């Protein structure tokens, strides 16, 4: 057979095989290799492979790009799975419910970045979020649990509607374990379904209220349209209600009932017997948000009577969900008389450090506006009502500074008195006292919010700069940086030491680091105004473990005292040269009559630490005496605020 015929035959054969083997071009097509070898054996000269490609180039034809990742985010609940967004080929489709609230962080610049950011959080955003990524036939997925913390609630004074000036409104929220809400928080609550026909102060000094179903007397500036009504910025001396924001609590609220019910004073005593306090309104709202459902009205710390409903039933709040309030008058004003009988809602809790790696993302429903710092002086009236002095929200401030502060260091071991170590305090001058408090685990462990909760957990409130200054002027010396109510960090130095010089160097005075970011960690200075009961020492020749001390106090119709109660008792003259357990698992003892064998000749409340650097509480099985607290019911002084007739332009029921 002639060479030309063989050449044409093998060329046609190769082109035919190429059609089926083009994907495996580089040495993977065995059929093509056999044909080429045979042609070479016969001596036929074949054309170069590129010359055998008769494909016509089409510039408009699409190119085959590598397979892209398909990213899908969903929210998973018990009832259903809701798609949030789908991303593929550089395009993102967001579902209508999440438009303008959900954004992909790095996509499509980084096609493999599946991170999303959710803004304008609502309480119903709490849940499990699932991310699915597909690439060709490969797929993978992961989940993250999101807990949106915080609740906005309406609050009015004990007397009648619209009686709170701007300053009184802020104080009312603080006394109920909350802070005054921001406009963004009220808007988020409205978006979540909140409806309230009552004009209330917000943190920017505006007055607003949220309306979903407009009706006469609730139209405001939006007439018949739903939305948050506003009266703009108002004079601070005008009087309205207030909208408060409670973020979180570390303890728990529980219901305590009785067939005979309780007067207000009896309700206080009932909670005290169980090592608790009457809950605040903010704490009850947080408990309701967490699922508390009780169809029985109970006393709270502000002398209001309320009950939380999470399950609709006609006999409980008229089939409505929420925290229901019992009023004295039909126009929803006035709290029940103290002699009235209801059950009680109690609050107990300690500061519990967050566990790293828990898998739960905790988010606060806060859209931070311009930084504001609120100052508030303590009032004997608020203490007289037994109200919890509550969490001041951290201020968001931009800072430029180094990564570490020159924190005051504790004196060296050679400078310390022999254990147990001491907090030097001025001699007692009743009735109030400022004291330093640190976590049991280590020094400088509290964020700003945790510091406030720590003071609350030991029966006190976070101190103000004025209170710390007054304590310093009375002789208070403490070489430990601690949070104060205005979000500054300070410490009082009477006798400057090398590691305690601070910003005043060798001069005595209260050192200050100024306003600090709320997520930095320090100790805290707490303030207790007075002691509403008796602290007494209970001893044993063998001593008690922590649980044994708690049980022994309960046998004596008491509970373990808090650190704040022990400081208040010391301030009133309590002197005992034997260390005892307290409710926060610390071990301390009060010395008002200094002697060499007790406190190295210095007055103060002494603490027993595990380590030489004054950190670590004794383990629960160590044996010490107990410091017990017995609640004494006292008559409460009512707070009367001036009554103003509601302005005609305000919403009315």
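Every residue, even glycine, has its Cβ placed from backbone N, Cα and C.
As recorded in TrEMBL, the features of this protein are as follows:
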- 1-149: domain 'Ig-like' (DOMAIN)
- 151-246: domain 'Link' (DOMAIN)
- 197-218: disulfide bond (DISULFID)
- 251-348: domain 'Link' (DOMAIN)
- 295-316: disulfide bond (DISULFID)
- 433-528: domain 'Link' (DOMAIN)
- 479-500: disulfide bond (DISULFID)
- 534-630: domain 'Link' (DOMAIN)
- 577-598: disulfide bond (DISULFID)
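Across the domain 'Link' (534-630), the DSSP tally of helix, strand and coil residues reads 22 helix, 28 strand, 47 coil. When the alpha carbons of residue 197 (disulfide bond) and residue 479 (disulfide bond) are compared, the span between them is 51 angstrom. Counting residue by residue with DSSP, the domain 'Link' (151-246) contains 21 helix, 30 strand, 45 coil. Distance between Cα atoms for residue 479 (disulfide bond) and residue 218 (disulfide bond): 55 Å, as a whole number. A distance of 58 Å separates the Cα atom of residue 218 (disulfide bond) from that of residue 500 (disulfide bond). Within 10 Å of the C-beta of residue 197 (disulfide bond) we count 20 further C-beta atoms, all protein chains included.
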